[in-house]
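Student: Below are the features listed in TrEMBL for this protein:
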DOMAIN    B:73-263  domain 'ABC transmembrane type-1'
TRANSMEM  B:21-40  transmembrane segment
TRANSMEM  B:69-96  transmembrane segment
TRANSMEM  B:108-126  transmembrane segment
TRANSMEM  B:132-158  transmembrane segment
TRANSMEM  B:196-216  transmembrane segment
TRANSMEM  B:242-263  transmembrane segment
Amino acid sequence: MPRPATMRNIHAWLLLLPAMAFIVAFTHVPAVNTFIHSFMLDGKGGAPATFVGLEHYMYLFEDEVFRKALVNNLLFASGTIPLSIGLAMLMAFLVNAGLAGQSVLRLCYFVPTVLPMIAVANIWLFFFTPEYGLLEQVRGALGFSGINWLGNESTALPCVIAVAVWKDAGFFMIFYLAALQQISPSLGEAAMLEGASRLYFYRRVVIPLLMPTTLFVLVNATINAFRMVDHLFVLTQGGPNNASSLLLYYIYEVSFKYWDTGYGAALTMVLLAFLGLASIGQFGFFERKVHYR
Amino acid sequence: MKQTNIYDSRGLARALDTTAAWTLAIMWALPLLYAIWTAFHPSAYSTRFTLNAPLTLENFVTAWHAAPFALYFVNTVLLVTMVLAAQLVLCTLAAYAFAKYDFRGKNIMFALVLMQLMIMPDVLVVENYRTMASIGVLDSTLAIGLPYMASAFGIFLLRQTFKSIPKELDEAAAVEGASTLQILWKVYVPLGKPVYLAYALVSISYHWNNFLWPLIVTNTTNSRPLTVGLQVFSSTEQGVDWAIITAATLMTSGPLLVAFLLFQRQFVQSFMRAGIK
């Protein structure tokens, strides 16, 4: 009969195996295959793929659309991340400020989170539509001339950023609300005894204590900035002239519209590199969580 | 009057806070309120806001008949149920192994699981499509669900929960002759109930709303979920009748929205719990 320790090992592996098989099959294997296929050119009509070395990666440097999508994605990230985190923090403070109707406020802020992005993008599309869209009606009433918000290269990306911030801020607010509840009430009492102002208390006590939450939200916001492309399908299709295209959207176009999956794999490697950077932050965060316990 | 809570705003600050709070609230709720207005009025009133505008359900009827939304609903419900059921079983087993066993390779396995938090199936669409093609399940609800059936997030969440359950409980159960799986089922799962609820809500809303992967892996109405169906419907609708498109939009998000309004407190708390663990 096997030793009890061996039995426990076998039990643990049996419990783990089903989940592990799925995770490896749909995360690790495809990640490795992406790497392999990024050096291959798909054969036409069922012919075997041929090795092309670094050709796809060299093409990245020539590809204007890739450069645009990459720059756009960095702009998208540097717009959505600080705006959605800042607004999320503000919303949490406002909901927590003892104002009348705070549950209604919380509901309003949070509602975009439960709605499908593809559905709300349809509503936003109408806001941005030239001539009879809501935004233009307001501007028209104020005597401004018409702007085609989504059809203009300089305004398309900001519009896409605005929709993303609107969708995410309320979601991140929830994490701040949860963290605010964890802050000991005695800190606030002590601050009041000392005669500290509310602003001072926020600046010197609350915001520093929220740092772990901010870090957690930051990593999530970063991952989202490279993952959220649903609204592009409705609002701009990456246009005009790729002015609002993002990396994952371009990967979709290259792989599933032009069926150049080899180049799509090379593009995916670039995306994975960015997510890898975010993941270094994430792992650092988990380490710290473990130390706190 | 003495201030009892430093978080409460008073005086001028209170006026400013109230203004800021409601301005934001209106901005955040406006798209939805606007969609409700448009969907329930004839299209002539889409941009005319008068109190005597007649109410109608006509837009919903037209949208419902213009595309196979009934089928899309069935597909989405099937998808969400299938994914959630698989996740609950697989994540529970794996989380139990991580929480209560010491075994060789545990740390490496856990690191491999956590990798999925960063490299989500959402970004590996090209290779996952290849996999689905090679096992011959393209254009099916199964293909949409497969990459999500084991979730690192779920495993992490349940592992934290199981770790906080005292060992004495399962020792007591073991003395009474319960097997490993019986202990898991009779002791751990019931104690983790609030976390299961939280996870279920997060999972349901995620998969109800998911779009890119279902778009890629489906190409007929037989397997399309609501999100993809809505997109196909609104992009082929040439006449651009906003009233009908917003009606379809509300229809597809309706069940989630109604569920959210009914269970608002649990929903928000669930998201909080899911976030801080």
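One-based numbering along the chain as shown.
Note: Cβ is positioned from N, Cα and C throughout, glycine not excepted.
Please treat TrEMBL annotations as automatic predictions, because they have not gone through curation.
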Student: Which sequence-distant residues neighbour the transmembrane segment (B:196-216)? Criterion: at least 6 residues beyond either end, Cβ under 8 Å.
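Tutor: For the transmembrane segment (B:196-216), the far contacts come to 76, 79-80, 83-84, 87-88, 91, 121-122, 125, 128-129, 144-145, 147-148, 151, 153-154, 157-158, 189, 224-228, 231, 255-256, 266-267, 269-271, 273-274.
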Student: Which stretch, B:21-40, B:69-96, B:108-126, B:132-158, tops the Cβ pairs under 8 Å count with the transmembrane segment (B:242-263)?
Tutor: B:21-40
Student: So which residues does the transmembrane segment (B:108-126) touch in its own chain, when a touch means Cβ under 8 Å and the partner is 6 or more beyond its ends?
Tutor: 94, 98, 147-148, 151-153, 155-156, 210, 212-213, 216
